[in-house]
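A.B. asks: Pulled these features from TrEMBL for this protein:
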type: ACT_SITE; residues: D140; note: active site, charge relay system
type: ACT_SITE; residues: H213; note: active site, charge relay system
type: ACT_SITE; residues: S543; note: active site, charge relay system
type: COMPBIAS; residues: 199-214; note: compositional bias 'Basic and acidic residues'
type: DOMAIN; residues: 132-582; note: domain 'Peptidase S8/S53'
type: DOMAIN; residues: 385-458; note: domain 'PA'
type: REGION; residues: 199-219; note: region 'Disordered'
type: SIGNAL; residues: 1-23; note: signal peptide
Amino acid sequence: MEMVKCFMIVLILGLCHVSMVAPLEEKKSHRKTYIVHMAKSEMPPSFQHHTHWYDSSLKSVSGSAAMLYTYDNVIHGFSTQLTDKEAEQLESQPGILAVLPEVRYELHTTRTPEFLGLSQAAALFPESESASEVVIGVLDTGVWPESKSFADTGLGPIPSSWKGACESGTNFTSANCNKKLIGAKYFAKGYEAALGAIDETKESRSPRDDDGHGTHTASTAAGSVVEGASLFGYAQGTARGMATRARVAVYKVCWMGGCFSSDILAAMEKAIDDNVNVLSMSLGGGMSDYYRDSVAIGSFAAMEKGILVSCSAGNAGPAPYSLSNLAPWITTVGAGTLDRDFPAFVSLGNGKNFSGVSLYRGSPLPGKMLPFVYAGNASNATNGNLCMMDTLIPEKVAGKIVLCDRGMNARVQKGAVVKAAGGIGMVLSNTAANGEELVADAHLLPATAVGQKSGDAIRDYLFSNPNPTVTILFEGTKVGIEPSPVVAAFSSRGPNSITSEILKPDMIAPGVNILAGWSGAVGPTGLATDTRRVDFNIISGTSMSCPHVSGLAGLLKAAHPDWSPAAIRSALMTTAYTEYKNKQKMQDIATGKPSTPFDHGAGHVDPVSALNPGLVYDLTAEDYLGFLCALNYTEFQIRSLARRNFSCDASKRYRVTDLNYPSFAVNFDSIMGGSNVVKHTRTLTNVGSPGTYKVSVSPETPGVKISVEPQTLSFSQANEKKSYTVTFSGSSQPTGTNVFARLEWSDMKYTVGSPIAISWT
């Protein structure tokens, strides 16, 4: 299911300026929230419980600071508010691993089950008791429990493994939960410490979703089957999540002012205690080292407990190095399109037509050609072409359709600005920043969005014709659009800015124009002036693609309860596709050319194939610890992530290239003369029938020789493991050169594929 409010642009926030009542000698120092990592094993014996030690450590630097949360699963430690000086004093004490400033994170169907092949494959997936034992935890803006997507018809008792609860609060009671929505909690201490008390006239201090984003993501992952779903008649059909029989647990961590890391960690802490099987987080927070990134830290603890963590890649594409959530123990999901569109054509007075998209459903335009004006010519503001608030001159806009350029403010808000100035319609033109990517919106007035090339042509007409006219023709819903999927331009791209040897994103899934459940507290545009209320909304973003993978992971967990998070991710990656049925390469809408592994990772998910992948690349917590050793992390940095004493073996040679990842990212030094040689070692585990697999690498890669040893692997029994080594020998190439290939193991029954990205830096 789908959305575009998922702006994962993340601001690292040296948190706010909350003045607190402090001792006189401190005067009125500004306090900020910090997350304090403690070495639990170093607790002095004089303390009976670690929380007493935490409290004593805090009191030693501040007479007034209180703990916001204590943590035991995700980290050993607590969060609190301190002055900069107090934080420095605390960090210098014995047993303190790190004192990290809080970070603010931002939020980054009827058609998708069919598009993914799930509607025909229901018999393949165990929709029986095992499927309903799976619990998917969603960290987001909460839930609208009245949504039909959370109806519990036909579901049996809540799984006995479930340890969570339903928390009451503003407009929400435990009675709002049922056998589908089995848990709901909210986390606001970090938010309120930073920004002050929640204004309960504007948002519910409870798990209730007043935003829509959380309801959308939760129903995408595991929404119940709802017949006759649509947005104003668009995308009409049966809505269903990916794992329709899985249970949903909601953890509200995102508020109007963002999502704060102390709250996110507290929610992950609770989700681990509650016994969720999958964690879905459509949010992102910059590109910090793993030991400083709260999502990465919490995800490490979840992974150790067997919980798969699925996160959105971010909406900062198509720029390179724009990814969030890069840790190798996180499944990082980019966004692709569906084979469905919502065409709305621009028809000009010169007889030319241009295709656009729209979800407008309201009073139609008059059935005639209408006067047309460019916003830049109807404004005295320097950026008047962008249709920002209060920039249009009503006398020049009244009764006309207005051409606005995309950028700066929300697309739907531009339409509201045109309407407020007396305009009767809008054509929204992409600029170079968005190219030809079209995202449909439920505009407040008759409006359509067109790509950059069409926008340029329309603008030329406006400038050259003394009496330009136009109308917009709305065509409803069309399916069977080709090619599809294509990689969304907004989907964040690799390379990996933290560990270039780990290829990210891991895969793409549907994330454009996704229909899913919505909050009854807000209109489909999210604007305060939008008084419409809908049960389902269509939105876009990697926030929408992430819960698709979360739900699919739930299906795989139900079918294979013994699989680790790494095995589930491997199955989704090695069966993903990068070609259409006509053998053409998957396209990137940002370039109009074939997409690369930096755009799509292993490819687009294919859940039916993932159910039975043949072989998987498995990983344990010890493997990830070896990876941290290979990064030369200090003992303190590793303990911040691992929450226990762990020393890298001085006699062992750790290599990042030996992490058993289902993809390959190879980096050559372009300065060196002669050849570069890089070796990657991998181990495959048999989860299919016995077979002999042969390796192939394609296509030929200029400047690189790729050899695999051995070239065949024979498996005679389940869970048997076999290793191989890939040697990449590269000649000198200019800095910035990238080449791509694909390695496949096949026994004619199964094909186990891995993307290869080779870069000269």
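Just so it is clear, glycine is given a Cβ too, placed from its N, Cα and C backbone atoms.
Since we're looking at a predicted model, the values are computed, not measured.
How about a rundown of where these features are and what they're close to?
C.D. replies: Taking the Cβ of D140 (active site, charge relay system) as reference, residues of its chain lying under 8 Å away and at least six apart in sequence are, in sequence order, L107, D209, H213, G214, T217, A218, V250, Y251, K252, V253, C254, S280, M281, S282, L283.
A simple way to gauge crowding: the CB of H213 (active site, charge relay system) has 29 other CB atoms within 10 angstroms, across all the protein chains here.
Counting every protein chain shown, the number of other Cβ atoms lying within 10 Å of the Cβ of S543 (active site, charge relay system) is 35.
On the 0 to 100 pLDDT scale, the domain 'Peptidase S8/S53' (132-582) averages 95 in the predicted structure.
Taking H, G and I as helix, E and B as strand and the rest as coil, DSSP gives the domain 'PA' (385-458) the counts 23 helix, 17 strand, 34 coil.
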